[in-house]
Structures are given as C-alpha cells and as structure tokens.
Amino acid sequence: MSDAFCSDCKRHTEVVFDHSAGDTVCSECGLVLESHSIDETSEWRTFANESGDNDPVRVGGPTNPLLADGGLTTVISKPNGSSGDFLSSSLGRWQNRGSNPDRGLIVAFKTIATMADRLGLVATIKDRANEIYKRVEDQKSSRGRNQDALLAACLYIACRQEDKPRTVKEICSVANGATKKEIGRAKEYIVKQLGLETGQLVEMGTIHAGDFMRRFCSNLGMTNQTVKAAQESVQKSEEFDIRRSPISIAAAVIYIITQLSDEKKPLRDISVATGVAEGTIRNSYKDLYPHLSKIIPAWYAKEEDLKNLQSP
C-alpha cells in the first residue's frame, strides 16, 4: 500500500489499488480517489502455449519513453486453424513490411537487456545503457561500426555511471563475440560523441578497488572472514600512493589475504577469477608489500604472519 491525500479525511492516508476495477480507494473511509486508472507496468503472468510459438501474453512490456510510440505496438499473432494461420501470416507479413522507425532500437534494447541479465545487473543500469545508445544513435554517425561492441560499451559506461562498475573482461564475456579491444574502441567513440553532443566531458564515475572485491571473492568461494579482511585491506590501500589499476590492486589484495589464511588460492585461480594477468598481480603485490603492516587488519594477521609472506 501507498499514501495519498484523501479529501474526505483531510489528510494523507493509506490507499488500496483495486486492480480489477482500476480504482484507488482510501483504506479508512472507502472514498474512491481515482477510478479507471491504467497500470502501465508489464504483466507479471505469462500463459504458456503448447503449440511451441511465443507465449501469448495479453499485454506488452512497460512504456518506453526512448521509443517514438512509447513501445505500445500491436503484434498480429497466429490463431489456431489452417485458415487462421494463412490469414494471420499474411497480415503479419504486411505488418513487417510497414515502416517502424524504432525497429533497430528495439533490437538493440533487447540485446542490452540480455547482456545485463546475464551479468545480473539491475534495471537502472539497463535503462542508462539504453539512453546512452539512443543518444549515440540519434547522431547518425555509428553506421558501419561493430554493433555488438557498441552495445557492450554502452553497458560498460552505464555500469560506471551507476557506480556498479564491471571489468571490460566481464562485459566481453556476454558481448556476442566482441573483443576487449573492440569494446575499448567503441567506449572511446561513445565518450567522444557524447562529449560533442553536450560540449562537456562525459562523467564516467570513479572506480575503486573495493567495487570489485565482493564479486571477485565470491567467484573464488572465499569465506566471510577472508572477504571481510580483503574489503578492509583494499579500503586501507587507498591511503597510499599505489599507482596500479583498482582491479589489479583488488586481485593482489585477494592473493595476500588468501596466503595469510588456511584457504590459499593459486595465483592462476585468482587471475582467472579477476581477469588480471598473473604478472600484473605479482607487480601489484610488489607495490603493496612495503605497506602490508598498515593495510592488513591486525585482527586478521599478526606482524609475524606478514613476515612469513614471500618477499617480492
């Protein structure tokens, strides 16, 4: 339930929404505050079709302000029966021949949604990626570019701007074959185009090593205690001038924390889980090593334990 102002009660009260009638009713006096309202969110139920065709859901998705018609299109389905199949398929062909200026956007948005779902990203990131793609597409300058890389780069930038960054390698894993280099080039192109549009530098958000820590630790199956120690350590590492990328620092901290525990992880496994090369992890470890006594929590490891670590 939500709150709304009731003219009879003369104050805000809890209201109940009657889905069958479309009425919003005051829960205290029963006054209908709004009638015949339309729910624009997508339907939560789906009705399976045994014929193997698409599920015949009764309504489409929610309205989309990025599309010219708000996403409120009509699709001609195939009813049962041979004559019906012939009629509907003919109408369907004519419908497909009709001009739909949003067809390309719809396909792009579906691709972005699929990639985002595979990475477990929230709806706000999908919406931001859609918005970025629409702004670039409106400039009519992306023709001929790798579409998969472009969409993946939109998702990467959206993650950064929503303070939920993903590594390029993570984005690459769901990018339908686009390489890290192609996504990197597409990202630079998008940032340049958006900068030309607004006349300002595009805000990408700041990446911190801690942004990746919990996800990396989860990939390695680390215990809650080691995860906590890793998070505290990586946060403490920001106080020092360690000129390495946040992802490299996160990987090196995980290596150190696991070496101090009974659940030691091979460098190879950490490299696979984080996407950071083994050599890069070693170099980051070398930079962190002089500061370990101030970075590693005292409750997790004693000074003697730190001295037993391998010298870089």
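Heads up, residue numbers simply count up from 1 along the chain you see.
Note: Cβ is positioned from N, Cα and C throughout, glycine not excepted.
The stretch that Swiss-Prot tags with zinc finger, taken from the ranges 2-34, 167-199, 200-232, 233-265, is 2-34.
Confidence for the zinc finger (2-34), expressed as mean pLDDT, is 77.
Secondary structure counts, DSSP: the zinc finger (2-34) has 0 helix, 20 strand, 13 coil. If you draw a 10 Å sphere around the CB of Cys6 (Zn(2+) binding site), it holds 20 other CB atoms from the protein chains shown. Ranking the binding-site residues Cys26, Cys29 by how many other Cβ atoms lie within 10 angstroms of each Cβ puts Cys29 at the bottom.
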